[in-house]
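Per TrEMBL, the features are as follows:
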COMPBIAS  430-440  compositional bias 'Basic and acidic residues'
COMPBIAS  448-460  compositional bias 'Basic residues'
DOMAIN    65-195  domain 'Poly A polymerase head'
DOMAIN    222-284  domain 'tRNA nucleotidyltransferase/poly(A) polymerase RNA and SrmB- binding'
DOMAIN    337-457  domain 'Polymerase A arginine-rich C-terminal'
REGION    430-466  region 'Disordered'
Amino acid sequence: MIKGFTRFLQSPGEHLKSLFGPQDAPAGGPVLRIIPRDEHPVSRQLFSDAALKVLYRLHNAGFEAFLVGGCIRDALLGHMPKDFDVATDATPDEVRDLFRNSRIIGRRFRIVHVRFGREIIEVTTFRGKPNDDHGNHIAQQSDDGMLLRDNVWGNIEEDALRRDFTINALYYNIADFSIHDFADGVRDIDARTLRLIGDPATRYREDPVRMLRAIRFAAKLDFSLAPATEEPLEELSPLLLQVPAARLFDEVLKLFMGGHGVKTFHLLREYGLFAMLFPEADEAFDELPWAEGLIEQALASTDKRVQEERPVTPAFLFAALLWGPVQLRQRAHQQDDMPPVPALQAASQQVVSRQLQHVSIPKRFSLPMRDIWDLQQRLPSRRGKRVFQTRDHPRFRAAYDFLLLREAAGEIEPGLGDWWTAFQQADEHEQRRLLGKVDADPAGTPAPRKRRRRRRRKPRNPADDT
Ligand code: ATP
Ligand code: MG
């Protein structure tokens with residue numbers, strides 16, 4: 001039986017009538033509620049052709065086939081589902097054999113990806129309990145209770161109870177279009193509550209990423225956390241330090257690039273989770289009054305772009321997340337008499353290498369991120385050729401946006417951003433005028449020293465003359 005599983009009696013929702021009254025509930029356990037097609041609003045029109053194809057082919061081959069997880073949750077909430085997860089009693093090999101366009105991926109969870117053009121349908125086999133009835137570990141677990149591998153097949157009910165939240169354990173059956181609700185997920189959808197299935201502390205220990213998922217769904221769906229789901233978060237937050245950095249990178253992208261970044265950031269801070277992902281950034285908040293605002297501004301503009309379906313890049317966001325610590329370290333190096341440029345480079349290097357121990361950042365994002373930082377050093381010099389070199393840098397646009405962000409967050413005085421805005425819009429004549437203005441402006445960039453130290457020339461080899 002699942003410890004700490006609280007059940008309330010549900011009064012039938014407006015659009016959903018429960019088939020079982022409370023008197024039918026077996027004592028203590030969750031009740032399966034099957035909601036027939038005419039009593040729920042989820043229509044097949046909400047599902048992609050690819051998802052339906054996978055469901056029907058499994059069904060026609062004699063297997064059970066359900067849509068599960070986010071797509072059913074979102075459909076019940078009136079949102080258009082985006083990605084589709086299928087659960088079945090067919091093993092990964094059996095699924096593989098049914099679909100030529102499929103492959104088995106994952107070690108910790110073996111799942112099958114079935115590909116249709118750009119769309120991928122994820123097919124998982126029903127999983128059983130990680131422990132058998134005698135508490136023996138069948139799945140592999142670390143000393144802290146973290147699940148290392150979890151490929152024990154089970155039936156649909158077991159599968160439901162090892163999912164994370166009640167609202168994610170709703171299954172749509174392609175055989176009769178009914179919805180199977182194993183953990184009172186429909187009640188929680190109606191009450192807009194996010195509730196872990198089972199004993200929350202145990203479930204967080206099994207997989208600390210569930211703490212991040214709790215925050216992500218709370219922010220995205222605008223749900224409140226059930227008290228027992230919320231309660232262990234702060235205490236257990238350090239468990240995130242044990243999660244592989246690569247997995248956390250994927251999760252961080254979902255947290256911050258899903259269109260609800262600002263709210264997610266505030267919740268992560270509230271429960272001490274942000275400090276486990278970005279420890280140095282978190283420490284910088286105490287010392288730099290603008291550092292938190294800079295991240296909020298970056299997330300707000302990301303949220304806006306996501307809503308407008310414009311592209312967003314993780315490089316820009318990571319640049320903002322880590323700029324505070326980069327500045328602190330650069331300052332410290334300059335106090336030790338290092339010139340600004342090498343000081344920034346050393347600082348960037350140190351911040352990145354410490355960050356990678358927590359959340360990995362693939363090179364394709366960390367290199368442009370560092371370009372954005374480097375350009376911050378170059379944007380103030382507005383003389384002669386350098387201006388054009390800076391403007392033509394492939395990362396100029398991102399660096400300019402970043403400069404505006406720094407001004408808006410109050411890190412630096414406004415002014416430089418306006419100058420670059422004007423310069424970009426100007427014709428050649430106007431550009432010359434703007435450059436002249438910098439020359440005449442005593443507060444502008446200091447003129448480069450006239451006399452460069454001459455390199456000693458190599459003595460000429462008289463033999464060269466012949
Ligand atoms: P979305 O796709 O909108 O982010 P989702 O709920 O579909 O939300 P996925 O990551 O696609 O999230 O996972 C699909 C389903 O797999 C979830 O709904 C949940 O039932 C289950 N699941 C995913 N991650 C976990 C986890 N860490 N622990 C337990 N169950 C999980
Ligand atoms: Mg999903």
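One is the number of the first residue shown, and numbering goes on along the chain from there.
Any Cβ shown, glycine's included, is placed from N, Cα and C.
Automatic prediction, not curation, is the source of TrEMBL annotations.
Break the domain 'tRNA nucleotidyltransferase/poly(A) polymerase RNA and SrmB- binding' (222-284) down by DSSP state and the numbers are 46 helix, 2 strand, 15 coil. Averaged over the domain 'tRNA nucleotidyltransferase/poly(A) polymerase RNA and SrmB- binding' (222-284), the predicted model has a pLDDT of 97. Taken through DSSP, the domain 'Polymerase A arginine-rich C-terminal' (337-457) splits into 76 helix, 0 strand, 45 coil.
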